[in-house]
Every structure is written in C-alpha cells, then in structure tokens.
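Annotation source TrEMBL lists domain 'Transglutaminase-like' at 501-588. Look at TrEMBL and you will find 31-52, 81-98, 118-142, 149-169, 175-194, 206-230, 630-649 tagged as transmembrane segment.
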Amino acid sequence: MTLWRFPAERRPLRPGAAISRWLLADWHDKALQLFLGIFLYQYVVWFDFYWLNETVTVVGRAFVATLLIAWLVPKYVWVRGFLALAACIYLTARVVRPEPVRDVPDHWLGWALGAVEYLLRLTPFLWFALGAWAAYTFVHWYIKSKWRLFSVMSCSVVLFCVVDSFSLFRLWEQVAIMIGCGLMMLVVFHLKQLKERDPDGYDNLVSYPVPITVMIVTIVTASLALGVLAPSIRPIVMDPYTAWKTAQGEVVPAFSSGPGFAALSLGSSASGYSRNDSSLGGAFNFDYTPVFTVDASRRSYWRGETRSLYTGSGWEPSTFTERNNLVPLAMEPDYPVAPAAGGLDTIEVTQTYRILEGKSFPVLFGAPYPQKVEPGVFNGETVSLGRGFWDTDNQTMLWAERDDFPYPLTYSVTSSMPVIDEEKLKTAPPVEPTRELREYLRLPEELPQRIADLAAQVTAEAPSPYEKARALETYLSLTFPYTNEPDLTKRQSADFVDSFLFEVQEGYCDYFSTAMVVMARTLGLPARWVKGYAPGQSSNDVIFEQYLPGEDVDLDGPGTFTVRNSDAHSWAEVYFEGYGWIPFEPTSGFSLPIVQVENEAEVALPEDLPAVEAAAPVAEAESGSGPRGWIVAAIVAAAAAGAVVYFAIRYQWLTLLRTRAFRKSPNYNVKLLADVERLMARFKRKGLSWSEHETFREMTARWKTQHTWLQKDLESLLAAFEKAKYSGARLTEEEYQHAELRIRKLRESL
C-alpha cells in the first residue's frame, strides 16, 4: 500500500499551445464578439464620409479595444467597463495629442481639476470613442436570442440597402459583409445553444472539426457569391418610390453599379459640368462621382468653356464666338494660343488627363492657358483628337461631339500660366472698346441701374482698372455667404444678378462669378464668364488631412488630382491692356490657385457700402464649459461631480469676464485681440490644434497648407492681428470691421 508518491511533473505549455487553449476556451463567445465587431464597423465605413479622419481612427481603435477587453475579461462586468473607459481615454489622447495641463495646484482638488480640464481637451473625439464602446456593449447585451440577432441583422441590412439605393453612397460591399457576419453569428449562436441543450450531440459534432468548418464556410460563401455575382436587371414593375416621384413630376436619379460612389445621372438637382447655362440659379445637391484624374505639374483650375453673352437670366454662346475661325488641334495655329500676356512672366504647366469611361464633354480641359495638346494611349491604342479645335480667342479647346466618334479618354496639355504681378497690372491703362472686345462689354438693355451704381460705389477708391476688378472680387467674396441652396423665395427681380446682389444675397459660384462679370462690364472692364472644374483633391491634400508628420509637401506643386462632379465651378476673367485675360475668384470660400509675385496688398473698400443682413451666430459652448459639466461628471463618476461643477463655473467666469471686458474696450486693438483669442479656442475645438510656443503667423502658415479654402481669410486676419499686437499704430474702425468679417467667415467655415 502506497502512502505517498511524488507529484506528477507538470510541464509548462508551449506559447503556441497556451494561446490555442485560451482561444478555444469559450470560443463561442469570442467568435460572436469578433463577428459583431466586424458587423458594427461597417457603420464606421459609412460614416467615414461625414467624420474627420481622427474620429474614424478613434472609433476604430475603440472597437478593437472593446473586443480585446471582452476577450481578456469575460466575467467581471465592472472591471471590463473600467478598462474600456480607460482605453477610450488613452486611445483618444494618443490620436488627438492635446496640450498638457500646466500650472496645476499641488493638492487633490487641483489634480482633479487638471484631470477634468484634460478630458475637456479630448472632446469631441472622446464622445465618439465612448459612443462606440456603448454601442458595442449594448448590441452585445441585446443579442441574447436568435430572433434578436436576426432582427439586428435585418434592420441593418435594410438600412444600408436603402442608403445604397437612394443616395450617392455605394454600400453594397458593406451589405455583403454584414450578411456574412450575421450568418456566421447565427451559426455560432446555434452551436452554443446546442452545447447547452445537448452536450453529447455537440461533442459528437465537434469531433469532426474540419468537415463541419468547411461545410459552414462553403454555405456562407456560396450564399454571398450568389448575391454578389447576380446580374443587374431592370425591374419589370415600377417600384412605389419611383412611381410616386414620377407622379410628382420629379426626376428620379439613376445609379450605376460601378465601385465607389454611385454614378448619379446629371440633372438640374446635382452638381456637375453644365451644358446649358441659359437659366442660372436654383439649388443643387453635391454629386461626388469622380469625373477624371489629372497628373499635373501644378495645381490649377481646369478651364472648360467661356461665355460672353449675358441675357439677364444666364449665359448664351455669342454670335461672335460662333463665327470664329476654329483651328483643328492636329494643326499648328498661325497665331499664339496664349493671351497677350507680354507684360507678365509665364510658367509651363503640363497635365495628363484620364477621363472615366462613359464621360463626354463639349470641350477638352486645360490649365490656363493651353498652348499644346497631344493624344494619349488608351488600351494600347492612341486616341484620336480629330474632332478637337482651338478656340484661339477664348483660349479653350472645343470638341465637336458625334456618336460615332468617341471622346478622348486620355490626352496631355501644355499650358502657359501667367505669373500675376500686381504692381505691373496696376499700371494697365483703360481698355479701348475694339471690335473684338465689345462682346465682353455687352449688357442687356433692361439691366437695372442699381447694379452699375453698386459697382461704382464699391470701386470708388480704386484708381486703376486692375484695382477696380480686385475691389469687386473682394466685395463679393466678403459680403455674401456661400450656399448650394439659396432662398429663392426672396427673389423679386427678373434679372439674375440684380436678385442676387439685392434680394437673395447668398448663392454658389454661378451667382458670384456672373455678378462680378456684369459689375465689371458696367465699369468698362471687358470680362467673361468661365466654367470648368476646381482643382479637386490631390495625394498631397490627403497627406495634410491625415496630419502625417515629416512630410514637406507643396500643396500647389505637382500631384495627381481626382476631380469630381462636386468640383464643377465657374469664375471670372477680366481683360487688361498689354497683359491679356487675368482670372479672378469672387466666390466666397474659394481661393484661385495662381502663381503670384509676393507683393499682394489688401484691397480697401469704401466705408458706406450696403450691408448684407447676416444670420446671428449660433451660441457655442465655447463661452464657458458649464453646459458640458454634466457630461464630464458622468464620465469621471459621482465622486468628482463637485470638482467638475466648480471647474465649470470657474472656467466660465474667467472666459466671460475677460472677453466681455475686452470687447467693450474703445481700443480696437484690444477688441481684435480678444476676438482672435475666442477664435483660437474655437479652432482647437474644431480640430485645428496649436501649441503655446507657436506664433499666430506660424499657426496660420500651417493651417493654410492643411485647409487651403481658409487661405485668404487667414492671411487678411494675420495682417490685422500683427498690426494690432506688434505695431504702435491703432486699428481704425474700418480695419476692425474688415477683420471682424474675416473672423465671422472663419467661424462659419468650420
């Protein structure tokens, strides 16, 4: 009889075996959590269009952290919640990288207030991370039965199908992933229930893991493949939505089956290159369908056509243009294609266009101003430019469309872009109305007189033709807000420009550009309307939008630009004697990508210009952190509630007392500095970070490269700020009001 024996030797498991044992323990729950995470992440893919890049990163990492914590801590709910909260705060801080809290009192209350202030600096990104954690936790708790799981899957699939069918988003891939994850969750849920109700049957089933796994994967894959590979067919019966929209007399957009954004058929309600400009105005929706890509040596506007005959409601091709002698692109013209820019230097801009198949235009696009065009190679064959013609008077390349002659899908253009030298242009004399220029001075006989009166008032202090054009550009871009849905109920006048300037007082590029051309003509400045595309998005833009460090990239330099229907744009060109046609950008929020000598000066406008009634600014939480106190208290728990309330009141008092006292000061320098301080606080809340060691000039230089549409406003505000802060001179009331306009535009742009 053995009374005692040596204990059996316990050999340590190999790392691989330990990981396998951990994964197989409660593998049903782990697999369910994994597929649920992939399922919910498809919503992030959808919202990616609306969110900032930092928000997408924070939410994605929050999902991963929540999944790993659920795997590592499957039982203790409160521990899991505490770890998830800490992970959300840590991951948000890693992405946002806020400034550290300084000058914290060395006692427990000071530490608590410092922690609360640090959490405030993580907003609003922290709310998205916590929302992702809460959504994952709630859905995981909710799907405790098959019918609940099936209801979540069905509702999500139906929602994505509706968005895919009746919007510009293409979410078919996300629908397929959701169906696949839903089916796998149903399988895992069934196996889990089988193990609980019939352990013997479950053990017998899992004794054949390979055949069972292969069968499950085959069935799910085959089910998805049938849907993905099924051909698209037209419905035999019109669906109720289309029937109802048709009965209302509305056009139902048709979508293609291509990848990415859905290809919306061009109509009056979607943005894109317009073929008929005879009746301008109305509202439109942005269509983000890609149109073409451009490999260019420099950022530019891509010019299409010009118009010179204004009818009072829109633009028509003039009779003079129709009588032009067009030169085939295959021939060398006998006279220069570029404008008479003898007084300005030029730089060469090369471009290679790749048009998406199925697209066709009445023009070939090019940066200003095209000198040479060459055919490209598509599918191993050189495309033909046989239907292309130089329009040498308008510096455009026309294309005579014909069904049996395809539009060139790739071609290269070499342009001569003038280098804008304002000091030289200011010396340009008034233009003599020659026969060639009369077309660009013509106005309707019934044009309201108040348009000419306003143009004269705006340019009263401008001594030269160029300065008059710049004054018009500045007035329009600073006075009227941009919107793609102007309030047409305010319109009374029959003239398009008159109704914009005095009644509607808001609009998009067609409103601004047409108004500038008409106002310039009333002053005797030859002007024409140009339409084409804005630069689009380049790979350099993506680098700055992603805030990638260590990348020194010139946003106006070479790159590949993706141009979409939403980039369709119009602007103005004015003719100056001895210098030719010079582009102007009067549209609010847009900046013309030109080459310019560094001598630009701020344009002064008269003091007594008619004011446009602006909407009252929406009250922001930036005036104090009190309204957010309850949110912070919920995060830091009830123990810190008193400290949060104290900090909120303290923060609000300091902000309000300081800014209100400064804003009531009669010194415009002090008032502007207070306004800029409030603007900086708003910038940080909107994601435009800055450090305390940076000067305002350094901040604006970095922001201009990251957000090019803010360039003009930031440069103007910088000049006023530096004068107020560093010079001994005081700002005048006019300078302060001009800076206030810039601040208002910057606030509205964010």
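Glycine is no exception: its Cβ is also placed from the backbone N, Cα and C atoms.
Packing against the transmembrane segment (206-230) from elsewhere in the chain are residues 176, 179-180, 183-184, 187: each is 6 or more residues past its ends and has a CB under 8 Å from a CB in it. Put simply, of 31-52, 81-98, 118-142, 175-194, the stretch with the most CB pairs closer than 8 A to the transmembrane segment (149-169) is 175-194. In terms of C-beta pairs under 8 Å, the stretch of 81-98, 118-142, 175-194 lying closest in packing to the transmembrane segment (31-52) is 175-194. Broken down by DSSP into helix, strand and coil, the domain 'Transglutaminase-like' (501-588) contains 28 helix, 30 strand, 30 coil. Averaged across the domain 'Transglutaminase-like' (501-588), pLDDT in this predicted model comes to 85.
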